[in-house]
């Protein structure tokens, strides 16, 4: 048997490392009999949905304020590794199902979704390297050639920044570019111009968790006005070449059945009208988490009102969970889903959720988390699944830029076969 074909798992290792916010996370290694080693790091969110898979933390206040992950590391070494040794790394579903069964809980709270996901991703990387093919080809096959439109978070608010802005993310979307390389350049130029615009107005240009600027602004509309001004000043046409997108993260300011923004409570119908006004006034193509994760009735109303005009993305609403997505499909709530690997906790379940979305004409947006690492798996995942969209932060901070640079390399590898989703109308509406 050749070196590359002996893909049995020989050893599994894990360690506690730091993410981009200086908080602990897991790094996992999967060693194969052929000498190949797959390495993966697990991200962590700041604004998390109530129905996400459980991220296991130590709770020991004497280490990292209780945020340590030594328990999850121990679970990889003592609970998962002994049961996975000898299994074929190329059988991703068997590996993932085995880990899910060992955990035995409905939300991976026994061993930790962070423990399971680390091994899941490391095994996939080892499998790809064993076959001497890139991860996007390993996961997506010969049709994996669609480069995603980036939704670039350039103004941070909400839980991602220490400022007074209600909405969590204000994004620029280079829909009019003809290639990913061009789209990235457009985004970088608008980002640099936005820095100048903020500076000219005496606003701070410090950045939030995801690399976007985090100034104190009078309202959400002011943030949108600044983006439109930066797009124009950079030499691009708002809405035609570079559009806007929002992550409202409404669950973060939902209290007692009301949406509290601009310092005042508003009824759901009133808030939906407000979002509609923003869509009418600005070149917005996508709104994420426009309502609370359990406000299903209002989600239906929002989708009826704005679903034909803009992309309505469920993040906290769906948490990359096929069961919750199925409910959304049946109730006609949202028309797109945000995909975060650590929300569900395994590669297999992530791919199943994307497949369910695709079969029901629900668009998928592959996403990072606010606590990231240098791991670039989501770039490959976006191409592998032909999702057509990716969220991986701003145009600064190396843990964000690493994903963009990986997509540049993939585009170069594909050569003439590479297709940019924005150029063929497969980005956000």
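Here the Cβ of each residue, glycine as well, is placed from N, Cα and C on the backbone.
Per Swiss-Prot, the feature (2R)-2-phosphoglycerate binding site maps to 168, 340, 369, 370, 391; the stated evidence is sequence analysis. Marked as active site, proton donor by Swiss-Prot on the basis of sequence analysis: 210. The Mg(2+) binding site annotation in Swiss-Prot covers 247, 288, 315. The active site, proton acceptor annotation in Swiss-Prot covers 340.
A map of Swiss-Prot features onto the structure.
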| residue | record | DSSP class |
| --- | --- | --- |
| 168 | (2R)-2-phosphoglycerate binding site | coil |
| 210 | active site, proton donor | coil |
| 247 | Mg(2+) binding site | strand |
| 288 | Mg(2+) binding site | strand |
| 315 | Mg(2+) binding site | coil |
| 340 | (2R)-2-phosphoglycerate binding site | coil |
| 369 | (2R)-2-phosphoglycerate binding site | coil |
| 391 | (2R)-2-phosphoglycerate binding site | strand |
Most Cβ neighbours inside 10 Å, all chains, among the binding-site residues 168, 370: 168
Mg(2+) site shell beyond 247, 288, 315, criterion: Cβ within 8 Å of Cβ centroid: 168, 169, 246, 248, 249, 287, 289, 313, 316, 338, 391
Shortest C-alpha distance to residue 370 ((2R)-2-phosphoglycerate binding site) - which of the recorded positions 210, 247, 288, 315: 210
Shortest C-alpha distance to residue 247 (Mg(2+) binding site) - which of the recorded positions 168, 210, 340, 369, 391: 168
Rounded distance in angstrom between the Cα atoms of residue 168 ((2R)-2-phosphoglycerate binding site) and residue 288 (Mg(2+) binding site): 10
Max pairwise CA distance, angstrom, over record-listed (2R)-2-phosphoglycerate binders 168, 340, 369, 370, 391: 17
Alpha-carbon spacing, residue 391 ((2R)-2-phosphoglycerate binding site) to residue 210 (active site, proton donor), which is rounded to whole Å: 10
Rounded Cα-Cα span from residue 210 (active site, proton donor) to residue 340 ((2R)-2-phosphoglycerate binding site), Å: 15
Neighbouring C-beta atoms (10 Å sphere around the C-beta of residue 315 (Mg(2+) binding site)): 30
